[in-house]
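Copied over from TrEMBL, here are the features:
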type	residues	note
DOMAIN	519-569	domain 'Cationic amino acid transporter C-terminal'
TRANSMEM	34-53	transmembrane segment
TRANSMEM	65-84	transmembrane segment
TRANSMEM	96-114	transmembrane segment
TRANSMEM	161-180	transmembrane segment
TRANSMEM	186-208	transmembrane segment
TRANSMEM	321-347	transmembrane segment
TRANSMEM	368-389	transmembrane segment
TRANSMEM	395-417	transmembrane segment
TRANSMEM	455-476	transmembrane segment
TRANSMEM	488-507	transmembrane segment
TRANSMEM	519-540	transmembrane segment
TRANSMEM	546-567	transmembrane segment
Amino acid sequence: MRMLTFTQFLSALTRKKVTFDHDNSKLARVLTTLDLTALGIGSTLGVGVYVLAGEVAKTYAGPSVVISFFIAALASVFAGLCYAEFGARVPKAGSAYVYSYVTIGEFVAFIIGWNLILEYIIGSASVVKGLFTYLDALVYHKISDFLQENLPMNAPALAPFPDLFSLGVVLLFSLALALGARESSFVNNIFTMVNLSVVVFAIVSGLWKADISNWSIPESEVPEGYGTGGFAPYGFAGIIKGAATCFYGFIGFDCIATAGEEAKTPQKSIPIAIIVSLSVIFLAYFGMSTVLTMMLPYYLQDTNAPLPHVYDVVGWPVAKYIVTAGAICGLFSSLLGAMFPLPRVIYSMASDGLMFEIIGRVHPRFQTPVLGTLIAGCFTGVLACIFELSQLFTMMSIGTLSAYSIVAACVIILRYTEEEPSDEKFKYEEEVNVRTVAAQLFNYKLEKPNKVSTFIVTCASASYCVCCFGPTSMLTLFEKDLLNGEPWVVSICAISTTLLIMLLIIISFQPQSSKSLTFAVPFVPWLPGISIFINLYLMTTLDTATWIRFVVWIAVGLLIYFTYGIWNSKELSVQQRQSGLTGSTTVSNENSKTILRTASGV
């Protein structure tokens, strides 16, 4: 291993994925559009559909929780459309990791892949921990009491006892996933159908006890501390806060894109599965929140188990047990959906040489990365075994939101990517300097993207992402001052928002690629820009401890990348490997054009 010069170092960080063969995959293409849709619904529509509506209604929004879910669904659709376009462009295992590798470069791709590993590990551990908590409550905490009495853990920052149940469930599911995508997908489809059937049962049965007057309760009848009554007892601010919480109920659909390399027709299946699954999930949340808030006043909702509580109040014990069975199936389906993408991301990174090759090897019989699946399952099971649910949950969202933001930025960059020049004059006009950049900023007459327009879009997109932290931080830190109309807060937000709009206007003036796509995000760059803003806003609402743990996780990833990945990347040429990286690491112009044609085409 030899030292790199600064130029070689930068070139290594920004090298893009060139070796891309859609048909050369070691994974079995066995998943249909229905399988992908069920995977997306199952991983997203977990226990949240049975809990989230009651919690948001009582704490933040009241009956207007239905609007909160609509806003959250709209934000999720924006992110989902970006994933759908990239899933159609790049139908490979790895999701946002692969997308950023094709468009931005290797270093950012590794960071996103490392974040996705964190998301899926913590998400899986959180779901199985929630399953244990739910089942333990059904048996009046006999399991936890037994473990606490016989296997206590008197250690700081750990759970009171080892959760052997969660460890066993995770290992069992890991083994099932290692045996093949077809078999695990079949089990997931069953769980998802049961879950959806129970959701439909809860909505239909609840209509019999629905009373629309619960949406217009006068303030005089509302207990102190629960707002002003009516449809929106906590005002517009409550609706927005509720939407931020509801957004996390839609996290998980990105596992559809992660399974793209195992889909039979990924270019068609991935966009359809994402859009259909998000639509079904929104209808489920919307229907459940409507029924709950009409059956019982919002201030009487139970934040932990609203549906069983409502059925207890109305005297329907049988319905309570049916819903309990659905919640258990929903948790199993959510666990399978959370665990399914993890070994695929590890496989994709290992195949590219950015992680240890042995964990990405595909078993010749099962056609799955067996070792990577089992290692990921063991790590997830240990975390669920020794940590509390609250300690796991706080880390789940930050990796997801950062991945959503990168994918949206990639959509913008790829849509305005430089195409292959057709003549010498066009090549001359592509030179990037101050004069050509200034002339092209608001020039809408250029018909095809060139180096100048691509450079402008890349810089403007990066600037937009950085500048978004200004107004989003102000919204988080000075929300009350903003709502009260404090001049200095309003002025800063207005200036920063104007800057963001100007950056999107500059991007919109640049020519787009003329490549035809099976699915394309509408209203680029505005729709991806809104998605980035929402995602970064939600990231700024996370607590300081979450950011610290996130930084530590990133530091571990950087250690792996700079000691192993940067030297073993498959994107290094044969000459670079033979010379020990002493020669130029710049990708040739021809290879660069190959990347762009591959990513822009279908």
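Backbone N, Cα and C atoms are what each Cβ position is placed from, and that goes for glycine too.
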Distal contacts, the transmembrane segment (455-476) - CB-CB under 8 A, six or more residues away: 405, 409, 412-413, 416, 432, 437, 440-441, 482, 489, 492-493, 496-497, 499-500, 503-504, 506-507, 510, 525, 529, 532-533, 536-537, 539-541
Taken over the domain 'Cationic amino acid transporter C-terminal' (519-569), the model's mean pLDDT: 87
Beyond the flanks of the transmembrane segment (161-180) by at least 6 residues, Cβ under 8 Å: 28, 30, 124-125, 128-129, 131-132, 135, 143-144, 147-148, 151-153, 187, 335-336, 339-340, 343, 363, 366-368, 370, 373-374, 376-378, 380-382, 384-386
Helix, strand and coil residues within the domain 'Cationic amino acid transporter C-terminal' (519-569) as assigned by DSSP: 40 helix, 0 strand, 11 coil
Proximity of the transmembrane segment (34-53) to the transmembrane segment (321-347), 3+ C-beta pairs under 8 angstroms: yes
Other parts of the chain folded back onto the transmembrane segment (321-347), taken as Cβ under 8 Å at six or more residues beyond its ends: 27, 39-47, 49-50, 93-95, 97, 113, 116-117, 120-121, 123-124, 127-128, 130-131, 134-135, 138, 169-170, 173-174, 176-178, 181, 184, 187-188, 191-192, 194-195, 197-199, 201-202, 252, 254-255, 258-259, 261-262, 307-308, 311, 355, 359-360, 362, 368-369, 372-373, 375-377, 380
Long-range environment of the transmembrane segment (368-389) - Cβ separation under 8 angstroms, sequence gap at least 6: 27-28, 117, 120-122, 124-126, 128-130, 132-133, 153, 158-159, 162-164, 166-171, 173-175, 177-181, 339, 342-344, 346-347, 350, 358-362
